[in-house]
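For reference, the structure is listed below as C-alpha cells.
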Amino acid sequence: MKNIVLTGFMGTGKTTIGKVLAKSLGRNLIDIDSEIEKDKGIKITEIFESMGEATFRAMETEMVDKISTLSNVVISTGGGVVLRQENIELLRKNGIVVNLTADPEIIYARLSGANDRPLLNVADPLAKIMELLDFRRPFYQNADIIIDTGDKTPIIAAEEIIQSAKLMN
Ligand code: S3P
C-alpha cells in the first residue's frame, strides 16, 4: 500500500487517528511538524514567533520534500500544508491523501486549552477557525479520500480510512 497522508485543519484528529492507523497497519507514523521541531531544535510556536509564518512554510516544504521519499508509512501533516500545491504534489507521488474534517465548533472544543497553535492565538479563536476554514476549504478538498471525524472515534475513523485506501490500491 502507498503512504497514507493525513491532511486537515488543526484539531481534526490527524495525530490521534494517525497513531491508530499506524498501529493497525504496522507502519511508522511520521509527523511533519515533529520532524521540523527535531530537525531545527525549536518548537513550531517559537518558529512562528521569532521567524514568522513564511519561514515556517519554507521549512515545511523542505521537510515534505524529504518525507515524501519514504514509503509504507503514515504521514501526519500540519494543517496548512495544503496551502502550497507543491506540497500536495510531492506527498501524492507515493501517497494516498486523506483529508480529515470536522465542524468549527468541534474543532474549537477540541483545541480549547491548547496554547500551541500560533494561528489561533487571537481574541476570538472560533471566528478565526471559521475564517481559516472558509479560505482553506478548496485546498483541503484536493484529496483522494475525505472523512468527517466529528462524529467518529479515532478507531472508527482509522478503519474507514483503511477500507477506502484498500479500494484505491
Ligand atoms: C498550522 C497547523 C499546525 C502547525 C502550525 C500551522 C496551520 O499543525 O503546522 O501551527 O497552518 O493550520 P496542526 O494542524 O498539527 O495543529
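Glycine is treated like the rest: Cβ placed from N, Cα and C.
Same-site candidate for ATP binding, as annotated by TrEMBL with GLY11, THR12, GLY13, LYS14, THR15, THR16, chosen from ARG92, ARG117, ARG136: ARG117. For ligand 1, the neighbouring binding-site residues among ARG57, GLY79, ARG136 are GLY79, by Cβ distance under 6 Å. Within 10 Å of the Cα of GLY11 (ATP binding site), not one of the binding-site residues from the list ASP33, ARG57, ARG136 places its own Cα. Sequence-distant neighbours of THR12 (ATP binding site) (same chain, 6+ residues apart, CB-CB distance under 8 A): GLY79, LEU100, THR101, ALA102, ILE107, THR149. Ranking the binding-site residues LYS14, ARG57, ARG117, ARG136 by the number of CB atoms within 10 A of their own CB puts LYS14 at the top.
Considering only the binding-site residues ASP33, ARG57, ARG136, the residue whose Cα is spatially closest to the Cα of ARG117 (ATP binding site) is ASP33.
Cα of THR16 (ATP binding site) to Cα of ASP33 (substrate binding site): a span of 14 Å.
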